[in-house]
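Database features (Swiss-Prot):
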type     : residues      : note
DNA_BIND : 18-37         : DNA-binding region
DISULFID : Cys180-Cys259 : disulfide bond
DISULFID : Cys199-Cys208 : disulfide bond
DOMAIN   : 1-58          : domain 'HTH lysR-type'
MOD_RES  : Cys199        : S-nitrosocysteine
MOD_RES  : Cys199        : S-glutathionyl cysteine
MOD_RES  : Cys199        : cysteine sulfenic acid (-SOH)
Amino acid sequence: MNIRDLEYLVALAEHRHFRRAADSCHVSQPTLSGQIRKLEDELGVMLLERTSRKVLFTQAGMLLVDQARTVLREVKVLKEMASQQGETMSGPLHIGLIPTVGPYLLPHIIPMLHQTFPKLEMYLHEAQTHQLLAQLDSGKLDCVILALVKESEAFIEVPLFDEPMLLAIYEDHPWANRECVPMADLAGEKLLMLEDGHCLRDQAMGFCFEAGADEDTHFRATSLETLRNMVAAGSGITLLPALAVPPERKRDGVVYLPCIKPEPRRTIGLVYRPGSPLRSRYEQLAEAIRARMDGHFDKVLKQAV
């Protein structure tokens, strides 16, 4: 038995499909299947109920999967401890980002991070919050950049910046010539929202409910770009995070207005596992991002007025 065998087993438990599990481990399906059989022979116990339709684990198999996850987490800690003895900001680093942050933040920070930490090998992964936190907990990811939510409190949270949200309206909307919009003016309005699973949806809904607004349930978007296009088409209005707002106050049929009294904001932070030996690496990364983004949103809000 070796570490790779345990990785195959955990991958199969996660995907419940031999081909997808093999793809995630970057091996052929026969290789993964053969190693699982060897593991069963070595342990003298059946781990799987093999059917033609789906992968079913035996009770012994599920117990071994749970223990394998624990072993793999500890192996990752050992590797982190070893790498900590060398240069802190070098080697591989797997970073997770949520879809409402990654595409808009990365252009601002990636060139700077490559220049500041040239020996750091960054691997970027995009997924929704609950998926990223599960991958962080399992050790697949080293750290995650997301909007801080209750679920992230189980990890170490390092705030990076507070990101304002702006109101996006179509160009011939009655408010199009305003300089800003008090949140109270949204009372009675129905706003377009992202679909379930996006933390931004919950945050935007919270601000809307406090203002007396509601969700337009006729449509739920899968991305911020879809929301933006729906606004441009005159189908409604929405709140967009400032990172996703262009430099111009008006572009492609959409007008962006700052909201006031109160200003809706979300906190973007870097999250990592408690007790990680690479704490100083994450703290240095967070400080570099924080310095790069300092003052950025003041410029965005001024341009929107």
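Cβ atoms here come from the backbone N, Cα and C positions, even for glycine.
Structure coloured by features recorded in Swiss-Prot.
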{"residue": "Cys180", "record": "disulfide bond", "Cβ within 10 Å": "17"}
{"residue": "Cys199", "record": "disulfide bond", "Cβ within 10 Å": "22"}
{"residue": "Cys208", "record": "disulfide bond", "Cβ within 10 Å": "22"}
{"residue": "Cys259", "record": "disulfide bond", "Cβ within 10 Å": "21"}
Ask   = Do any residues of this chain, six or more beyond the ends of the DNA-binding region (18-37), have a C-beta under 8 angstroms from a C-beta of it, and if so which?
value = 4-5, 7-9, 11-12, 47-48, 55
Euclidean distance between Cα atoms of Cys259 (disulfide bond) and Cys208 (disulfide bond), Å = 12
Query = Cα-Cα separation of Cys199 (disulfide bond) and Cys259 (disulfide bond), in Å?
reply = 20
Query = Tell me, what is the mean pLDDT of the DNA-binding region (18-37)?
reply = 91
Ask   = What is the number of residues in the DNA-binding region (18-37) that are helix, strand and coil, as DSSP sees it?
value = 17 helix, 0 strand, 3 coil
